[in-house]
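Trainee: Structure provided below as C-alpha cells; questions to follow.
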Amino acid sequence: MAKAKFERTKPHCNIGTIGHVDHGKTSLTAAITKVLAENVAGNAAVDFANIDKAPEERERGITISTAHVEYETESRHYAHVDCPGHADYVKNMITGAAQMDGAILVVSAADGPMPQTKEHILLAKQVGVPTMVVFLNKVDQLDDPELLELVELEIREELSKRDFDGDNIPIIAGSALAALEGRDDNIGKDAILKLMAAVDEWIPQPERPLDKPFLMPIEDVFSISGRGTVVTGRVETGVVKVGEEVEIVGIKDTKKTVVTGVEMFRKLLDQGQAGDNIGALIRGVGREEVERGQVLAKPGSITPHTEFTSEVYVLSKDEGGRHTPFFANYRPQFYFRTTDVTGEVILPEGTEMVMPGDNVQLSVKLIAPIAMDPGLRFAIREGGRTVGAGVVATVTK
C-alpha cells in the first residue's frame, strides 16, 4: 500500500484542548475525530486510549507528554494537541512546544470552572493564545437548565477577567461521551459539529511566517576582505531582498544598514525568506559593530527592551534543574534566540521563593536590551545549564 500523499489544499491551524483535570478534554478530542470522520471526507477517528497514552517528548530538556491528532473540517485542516496531565499543559504552553493558534476550553457543566480551568485561561493569556471557544461538557449530568446558565455566566466572567472576549466567545453545550457512544445527537454529534463550526469561524487564521515582517537572529559575523561584513542566521519571519534597508536591533543602539547581498549554500540569491539559512552582506557596518544576539529586522518592526513580565516554568531537579529554590534578587542568564543576557528577577507580590517544578509570573530587568515582542520564548540558564523556560507576556520598558 503506497503512502497517501498529503495534499494541503485547506488553510492549516493549530489548536488544543485545555481545562481542568477530568472535565473531558481527551474524550472531546476523540469525539471530534469520530464525528468528523463520519461527516467530512479525509478524516480518521482516533480512540480515547490512543490519545491518552501520549508519548513523552523533550523540548529544551523539559519532559512533556503530548498527544497530537489531525483532522479537517470543510474549510480548514487542524493539528490538535491534547496533554494528559496539568503539568504537561503548563510546560507545553510556556515552551511553545506545541504552538496554539487558538484553544478549546473544556468545562464540565456539573462542576463549573475549577482551579485549573482558571489557571489555563491565565496561561493562555500569558503565552499569547489569541482566543478560544468553550465546550460545556457533561450537560446530561445537569437536570436544571438554570444551573447551566449560571455555569456559562461564571465562565464568561473568568474569560473577561483575563482580557478575553468573555461576552462573545461561543459556548457550546454538549456531551463528548454521547458523541462517542453515538446517542442523543442533540448533545452528541450535533454539538460537536456546532463546536467545530464555531472553531472555524471564531479562531482567526494565523498569519504565516512568510507574511510577517522580516526578522533574522544573528548567529555569526564575518568580515570578507574587499566586500565587507556578513551576518549569518536562519530567517525567522518574512522576506529580505537585496537592496533593502534593515535595522540591526538589540544589545547596542539600533543601526540602519542596507543588505547588499544574500548568499545561501555559497550561491547568490536575490532574496532570503523565512526558513532559509543565509549570509547577508551589510553595507557600511564594521565587523566589530555587530554581534551574535542582535537581530536583523525590517525597519520599525521590532524594538529593543530591557524590562518585561513573563510566565516561567522552573525545571524540576529530575529534569536537570536547580535542587534548591531561588529568591528575590536572583540573577541568572536569559537566553534569547542566540545569546545569553544577565537579568534580575522580581518575584510576584507575596511570593518569597520559587521552587523547582513551579510555574510563576516573573518580572525581569536585563542588563542589555534585546529585540522583543510579547510571545518571545527564552530559556533561563546558570553557567550554560538550563534551569527554566519562559515566554514574554508584556514589555514594560
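The backbone N, Cα and C atoms fix where each Cβ goes, glycine too.
What you see is a predicted model, and the numbers here were worked out from it, not measured in a lab.
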Trainee: Examine the ranges 53-56, 137-140, 357-360 and name the one recorded by Swiss-Prot as region 'G4'.
Mentor: 137-140
Trainee: Could you tally the C-beta atoms, other than its own, that fall within 10 angstroms of the C-beta of VAL139 (GTP binding site)?
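Mentor: There are 23 such Cβ atoms around VAL139 (GTP binding site).
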Trainee: Using a 10 Å cut-off, grab the number of neighbouring Cβ atoms around the Cβ of GLY19 (GTP binding site), all chains included.
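Mentor: Within a 10 Å radius of the Cβ of GLY19 (GTP binding site) lie 27 other Cβ atoms.
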Trainee: Kindly assign GLY19 (GTP binding site) to one of the three DSSP-derived states: helix, strand or coil.
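Mentor: Once the DSSP labels are grouped into three classes, GLY19 (GTP binding site) ends up as strand.
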